[in-house]
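Peer 1: So TrEMBL has the following annotated:
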type	residues	note
TRANSMEM	9-31	transmembrane segment
DOMAIN	12-457	domain 'Major facilitator superfamily (MFS) profile'
TRANSMEM	83-104	transmembrane segment
TRANSMEM	110-126	transmembrane segment
TRANSMEM	138-157	transmembrane segment
TRANSMEM	169-188	transmembrane segment
TRANSMEM	258-276	transmembrane segment
TRANSMEM	314-336	transmembrane segment
TRANSMEM	363-390	transmembrane segment
TRANSMEM	402-423	transmembrane segment
TRANSMEM	435-453	transmembrane segment
Amino acid sequence: LRSLHNKRLYLAVFAAVLGNFSFGFALVYPSPVIPALEAHPNPALRLDQHTAPWFGVRRGAAAGGLSTMLLNDCLGRKLSIMFSALPSALGYALLAGAQGLWMLLLGRVLTGYAGGVTSASIPVYISEISHPGVRGMLGACPQIMAVLGSLVLYALGKYLRGLVLDWRWLAVAGEVPVLAMVLLLCFMPNSPRFLLSQGKEDEALGSLCWLRGEDTDYAREHEQIKDSVRKQSRRVSCAELKDPFLYKPILIAGGMRFLQQLSGVTCILVYLQPIFKKTSVILKPEYDAALVGLVRLSSVAIAAVSMDKAGRKILLFVSAAVMLVSNLTMGLYIHFVPAPHNGTAANTSLESSATLPTEPTNYITLIPLLATMLFIMGYAMGWGPITWLLMSEILPLKARGVASGLCVVVSWLTAFTLTQFFLPAVNAFGLEVPFLFFAVISAGNILFTGCCVPETKGRSLEQIEAFFRTGRRSFLR
């Protein structure tokens, strides 16, 4: 109990998740900026229908995940997070001082790369420094901070609207959490498990003492971690990949990242406004982003509070079931409700639906609005934050750095591919087909959770590793 009350642990987590705040800030930066750049008087900075998508899509994240496969094990978790500040700060500087289109695009690539690095490093760092009793709550903090970053960006965009060069000031504001993260992390310890894997026993013991408190039994935890590290070689060989101790948790973590994106969250968030227009939802564009952000924030907060009490698996089951119901409702609504009510005219594409005239208010249009909010709520309370948490919990120490980077690459490549095929699928088969596909994937998420995902509530990382090493569920009881 004294370990749980040690405020230094929460300070270290806060310092790390400032990187996720910056990630969420950069993710939605194009939303208020693209309209301003499309009307920019300088032709060198003006975006058109060909360059705007390149500016809007978050490129570089997959490369960030790939590089983290080396950074996590070479620099360590803390230094990898601090390293992400370099491309992030440089990217925001290019956006703030852009004199040409290449500076805008390069700035977006660099901030995207930094986001890929933090996505793979921060969950691992938090998982390795956290006490088992609060690891679920702290593991949800990255998602909470990412949503907060997005909401702050929307609020600043609304506040700065009308000012001269408001999009440049937004980039300047993005530098603040990056610099704060670096300054705070300078005083935070590195992960005890990483230090022990590097043979730095004294530093690891000092790190645990700082994180748990001097009047706690941190020496016992140090011995447990050291015993687990002693059983593992420092590097993973190709022959060892045949060992279930390695490939099972890697396949589970990668499969969860793949199914998470395949459930359609990125497509729904990216094309939210056109989807609402096509289904005749009467909602102003500036309100849909705020509504989505508030629903996500409240749902992730619910997950953070209940994760260490209810457990990971029950929240994953509930989350997948809610996403199944909401996607099925959207698909059936679009298919069966007549065109005058759902806006699915045969000759109307999703892109052009954003310019359709608003139809008279009809209460039946509440169905797609509520279904979309239900989907976002379900995703945010389970398959959003828990997939990141479980990735950092179940991956073995010797492969945690490489495998976490691989999971991030799988996630971003799946999201990018699905987003690219979403519009052609809508134009060819109708808007209901993607939603019915997402419903099928959500049903698969339920089966995957029941068959493959272990319950890790209240277990130390060493107990989870022992479960995969021996296959005995007694380690997880």
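A Cβ is built for glycine as well, from the same backbone N, Cα and C atoms used for every other residue.
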Peer 1: When each of 110-126, 138-157, 314-336, 363-390 is checked against the transmembrane segment (83-104) for Cβ pairs under 8 Å, which one has the most?
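Peer 2: Going through each listed stretch, the top one turns out to be 110-126.
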Peer 1: Count the Cβ pairs between the transmembrane segment (169-188) and the transmembrane segment (9-31) that lie under 8 angstroms and are 6 or more residues apart in sequence, then report whether there are at least 3.
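Peer 2: Answer yes: the transmembrane segment (169-188) meets the transmembrane segment (9-31) with 3 or more Cβ pairs below 8 Å.
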Peer 1: Should the transmembrane segment (314-336) and the transmembrane segment (110-126) be scored as in contact, given a threshold of at least 3 Cβ pairs under 8 Å and pairs 6 or more apart?
Peer 2: no
Peer 1: If I count Cβ-Cβ pairs under 8 A between the transmembrane segment (402-423) and each of 110-126, 138-157, 258-276, 435-453, which range comes out on top?
Peer 2: 258-276
Peer 1: Six or more residues out from either end of the transmembrane segment (110-126), which same-chain residues have a Cβ under 8 Å from its Cβ atoms?
Peer 2: 13, 16-17, 19-20, 22-23, 26-27, 29, 58-69, 71-72, 77-78, 80-81, 83-88, 90-92, 94-95, 135, 138-139, 141-142, 174, 191, 388-389, 391-392, 395, 400-401, 404-405, 407-408, 411-412
